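Per TrEMBL, the feature compositional bias 'Polar residues' maps to 1-10. The region 'Disordered' feature in TrEMBL is assigned to 1-59. Residues annotated as compositional bias 'Basic and acidic residues' in TrEMBL: 20-32, 42-59. Feature annotation from TrEMBL assigns domain 'MJ1316 RNA cyclic group end recognition' to 61-131.
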């Protein structure tokens with residue numbers, strides 16, 4: 001007749017104690033706790049790979065601040081060639097030249113980043129960043145990444 005090991009260190013990895021997992025307390029307002037399952041408990045559960053759908057890949061649109069900083073610091077992009085379209089609280093949609101855009105929050109004509117609707121190239125009129133249509137032709141984020149990588153499909 002085999003006897004059970006007396007200490008916990010002598011037990012095998014797959015032995016599960018024969019005790020109730022809920023801990024009780026003498027206090028009436030104490031809540032019961034359930035321990036996190038160990039790795040072998042999770043591994044014993046069957047995996048149904050056929051019924052899972054692949055999770056959709058989310059390609060986040062880069063914020064307008066990233067686009068503005070890229071235009072400022074990239075020597076290949078000329079700031080005078082871009083227009084920023086934004087929504088004014090009282091006048092609706094307006095456009096401003098890129099170099100006229102005030103970046104300092106203390107400036108009287110400062111417009112917050114969340115009001116920027118699009119950034120357009122002056123030379124050909126192409127919109128290079130649009131928040132509502134999720135277009136980004138500077139970093140190819142948002143829906144533009146799928147257009148850029150479309151030749152791979």
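Backbone N, Cα and C atoms are what each Cβ position is placed from, and that goes for glycine too.
Helix first, then strand, then coil: DSSP counts for the domain 'MJ1316 RNA cyclic group end recognition' (61-131) stand at 19 helix, 23 strand, 29 coil.
Averaged across the domain 'MJ1316 RNA cyclic group end recognition' (61-131), pLDDT in this predicted model comes to 93.
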